[in-house]
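Q: Pulled the feature table from TrEMBL, pasting it below:
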{"type": "BINDING", "residues": "GLU84, ASP103, LEU105", "note": "Mg(2+) 1 binding site"}
{"type": "BINDING", "residues": "ASP103, ASP106, GLU269", "note": "Mg(2+) 2 binding site"}
{"type": "BINDING", "residues": "ASP106, GLY107, SER108, SER109, ASN197, LYS263", "note": "substrate binding site"}
{"type": "DOMAIN", "residues": "13-182", "note": "domain 'Fructose-1-6-bisphosphatase class I N-terminal'"}
{"type": "DOMAIN", "residues": "187-320", "note": "domain 'Fructose-1-6-bisphosphatase class 1 C-terminal'"}
Amino acid sequence: MQRLIPTLRNDQVDEALISVLNSLSICAKEISFRVGQGDLAGVLGSTLDENIQGETQKKLDVLSNQLLKDILLESTHVRAVASEEEDGIVTGAAEGQYLVAFDPLDGSSNIDINSMVGTIFSILPTPADNSGDASMFLQPGRQQVAAGYILYGPRTMLVFTTGRGVKMFTLDQTVGEFLLTDADVQIPLDTEEFAINMSNHRHWRPEMRRYIDDLLLGKDGPRGKNFNMRWIAAMVADVHRVLCRGGLFTYPWDGRSHSKPYKLRLLYEGNPMALLVEQAGGIAHTGQEAILDIQPDDIHQRISVILGSKNEVAACLNYLEGSQTA
Ligand code: F6P
Ligand code: MN
């Protein structure tokens, strides 16, 4: 089985980008170890204790953020990072070619119940003006040079795209290396599975309610087939399932709070997942436009997300047509 760096070289990925992806793989191993230790973290210690002295008792999402920042900002190729855990960007090498946005530990409420969580990342080119401020990150997702996630589950997996399809690597714990386990991920066009937080039903737009209600009617309704539902409550794990066997995942507009009608973040949740899904033959949309076409106006901007199997997302978009917000 192929290792990470030879696989990237085979694909003729730029050496600087290989180096950044390698830094992320080092973070992945360290976070994976700590997530696996759970409440034991800090008792058995870890290789990076010197870098983050005194911080072993911190919550795992805060710790993951610190590890990613420490390791990525050591790289001469990283100009700046943006993180869900940081209000502003953190700058690094003045001449670094890349910007990295990340959600250090997506689905972190799953930590308490020993369920799946992950790190989501997006790599953008440093723009020509190299302004050094947050505006550098305000690029549409189509500009991403690489994007992916690390899933901490029964197996730790690194899943990413550099624009040449989607590859999945599995961490071989015996040698501490990521090995290629799926070289070309393809999302089936059709599906009988969807993922949505059903408890928000009453808060959705009527068009979204109608779409989901028709799925629930199954064989007896207009869709003429039965659908199953899954909700892991960590986007990283729900999207991983969609990449593995198809499905539709959505976190749509909901009217609970008008100041916060969307849940998921564009830069380090929507965009990286959208690039993976498109590269695997699926659709990633807000209900109004392809996620990758959005011009961001804030590094922590939130959006509506509908992604997955091509024909099913298209069916959902048909229901939403004409609605002002999805
Ligand atoms: O990052 C936000 C997030 O944790 C996603 O990973 C996940 O899809 C969603 O929130 C879960 O939200 P809810 O609390 O509605 O299940
Ligand atoms: Mn998240």
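Here the Cβ of each residue, glycine as well, is placed from N, Cα and C on the backbone.
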Q: Using DSSP, how many residues of the domain 'Fructose-1-6-bisphosphatase class 1 C-terminal' (187-320) fall into helix, strand and coil, respectively?
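A: For the domain 'Fructose-1-6-bisphosphatase class 1 C-terminal' (187-320), the helix, strand and coil counts are 60 helix, 21 strand, 53 coil.
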Q: Near the Cβ of ASP103 (Mg(2+) 1 binding site), how many other Cβ atoms are there if near means within 10 Å?
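A: Counting Cβ neighbours of ASP103 (Mg(2+) 1 binding site) within 10 Å gives 28.
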Q: May I ask which of the binding-site residues ASP103, LEU105, ASN197 have a CB within less than 6 Å of any atom of ligand 2, listed in sequence order?
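A: The binding-site residues passing the 6 Å Cβ test are ASP103.
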Q: Near ASP103 (Mg(2+) 1 binding site) in space, meaning Cα within 10 angstroms, which of the binding-site residues do we find among SER109, ASN197, LYS263, GLU269?
A: GLU269
Q: Around GLU84 (Mg(2+) 1 binding site), how many other CB atoms lie within 10 A of its CB?
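A: Excluding its own Cβ, the number within 10 Å is 20.
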Q: In DSSP terms, helix, strand or coil for GLU84 (Mg(2+) 1 binding site)?
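A: DSSP assigns GLU84 (Mg(2+) 1 binding site) to coil.
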Q: Pop the Cα-Cα gap between GLU84 (Mg(2+) 1 binding site) and ASN197 (substrate binding site) into the table, whole Å please.
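A: Cα-Cα, rounded: 21 Å.
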Q: Applying the rule Cβ within 8 Å of the centroid of the Cβ atoms of ASP103, ASP106, GLU269, what extra residues of the same chain belong around the Mg(2+) 2 site?
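A: The surrounding set, listed in chain order, is GLU84, PHE102, GLY107, GLY118, THR119, ILE120, TYR149, MET235, VAL236, LEU264, ARG265, TYR268.
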Q: Output: those binding-site residues from ASP106, GLY107, SER108, ASN197 whose CB lies less than 6 Å from an atom of ligand 1, in sequence order; none if no residue fits.
A: ASP106, GLY107, ASN197
Q: So how many other Cβ atoms are close to LYS263 (substrate binding site), meaning within 10 Å of its Cβ?
A: 18
Q: Round to the nearest Å and give the CA-to-CA distance linking GLY107 (substrate binding site) with GLU269 (Mg(2+) 2 binding site).
A: 11
Q: Between ASP106 (Mg(2+) 2 binding site) and LYS263 (substrate binding site), find the distance joining the two CA atoms and give it rounded to the nearest Å.
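A: ASP106 (Mg(2+) 2 binding site) and LYS263 (substrate binding site) have their Cα atoms 13 Å apart.
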Q: Would you say which of the binding-site residues SER108, SER109, ASN197 has the most Cβ atoms within 10 Å of its own Cβ?
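A: Highest number of other Cβ atoms within 10 Å: SER108.
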Q: Give me the sequence-ordered set of same-chain residues, not including GLU84, ASP103, LEU105, with a C-beta within 8 angstroms of the centroid of the Mg(2+) 1 site's C-beta atoms.
A: ASP61, SER64, ASN65, SER83, GLU85, PHE102, PRO104, ASP106, SER108, THR119, ILE120, TYR268
Q: Among the binding-site residues listed here, ASP106, GLU269, whose Cβ has the fewest other Cβ atoms inside 10 Å?
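A: Each of the binding-site residues ASP106, GLU269 was scored by Cβ atoms within 10 Å; lowest is GLU269.
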